[in-house]
């Protein structure tokens, strides 16, 4: 569990222990099989008659409620800073000599207009080139429909959220624009678990017999929405269609928006509309250069597109900051295919046929492969830190095969942390955790009256879990959580990224010798007190950052 995934637990020392203590089970840990530090009231010290039991349970409920309300102010005093960097793995920047970057959604951020552009262009390609009904043009892009990390069952045409243990979060399964009832989902999958052989492959794709596709990058948001809209049209109009063909046609249309240059030309023609200038990319690059760090850029985007974007956000001298620039790299193939050589581009963008013996500063290279890159630069192992927004295409191979350190750029993190810092969210989550603990302890009472009370609590808990989901996204909830469990997205983020942050500008809050320490989160059989220290590194706490 990472810090963002466990922010409520991480907010203040003793918050969870105090919540557990509110349940009057002594130290609040005995119910989980953990020894109490001192004398504790037995769990079953309750009257035996039904009316007395009912009264006893509701007294415990009210006492826990009061105790929870007293906890909220202390939690509110330890809000997390949305501009902090969070660590999955201990890493010291003093060990990093070389910094690498992706381009899209790493060095440059785009406005909300870009996803509308991609959606509209792909929708029109479906109509004009794949002969889809012109009526689908009535569907517009909804930025609030989907979130990253969702899985799409290609054969059943349903979009869903899956947790780290391959379980579907019920209530987040959508066919078209309508939620699929839980009973139908359970019948469809013979439960809520998705077997490993049905999941997406290593890179999130539906290949080699896998029936699921995982949408991991930010550019996939309009693709998910378009898939859902066209599905909705066919369903509403009782049109028989093959879901596999629909998936492929939408995928090809989204790809063509990139491949045919539709997106690139539109951005270059109105760069101020599509590129957000606010992110302090130049300040980050200048800081690293001033400290003698080597820097390189590896992107799948074309040269002229990158040049115009970087000139806009960094300046026309942007290439002076980088030791190596590689465009149209075709990641993740760049990290695995040893056969493709580099090609140099001249100032006019013409590809040269010279054999590359050295990667020169100020030059732009196309394609190539990582093995040749390592040979020509000598930049190997944990001296290198590479940043990207795509967990699979940017980071997975680098950390698993080459030992590079990796940093994930997760723009959604900032908005989620701002929500998690609100009093309404903190009150709801604190009471939800307390109520869950109360249910866990009081389930030992099996008489009919007690069970009726517990059923009321379970109903309240279910309603609160739905409420916490809607804080982030009405359909799918948080990018990082499915109710109690981490999402499948977070599982991969935790595995492939040493650190993660909302944007590169977060680096400006730390010096170049800073060490990032991951929070020790308790295993189920460990004492919670071991992890309940306030984070002291960098600026994770909002109050500390404001004090500076």
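Note that Cβ sites are derived from N, Cα and C of the backbone, with glycine treated the same way.
Feature annotation from Swiss-Prot assigns active site, nucleophile to 102; the stated evidence is similarity to another entry. Taken residue by residue with DSSP, residue 102 (active site, nucleophile) is part of neither helix nor strand, so it is coil. Annotation for residue 102 (active site, nucleophile): spatial neighbours 297, 298, 299, 331, 386, 387, 388, 389, 390, 394, 409, criterion Cβ-Cβ under 8 Å with sequence separation of six or more.
There are 22 other CB atoms within 10 A of the CB of residue 104 (active site, proton donor), with all protein chains counted. Under the heading active site, proton donor, Swiss-Prot lists 104, citing similarity to another entry as support.
Residues annotated as Mg(2+) binding site in Swiss-Prot: 102, 104, 389.
Under the heading substrate binding site, Swiss-Prot lists 251, 252, 253, 254, 255, 256, 257, 258, 259, citing sequence analysis as support. Residue 251 (substrate binding site) falls within a helical segment according to DSSP. Counting only residues at least six positions away in the same chain, the Cβ atoms of 223 sit under 8 Å from the Cβ of residue 251 (substrate binding site).
Taken from Swiss-Prot, the feature region 'Disordered' applies to 528-548.
What surrounds the substrate site, by Cβ distance within 8 Å of the Cβ centroid and not counting 251, 252, 253, 254, 255, 256, 257, 258, 259, is the set 122, 125, 260 from the same chain.
Cβ neighbour count within 10 Å across all protein chains ranks 389 highest among the binding-site residues 259, 389. In this structure the C-alpha atoms belonging to residue 257 (substrate binding site) and residue 104 (active site, proton donor) are separated by 15 Å. Counting every protein chain shown, the number of other Cβ atoms lying within 10 Å of the Cβ of residue 257 (substrate binding site) is 24.
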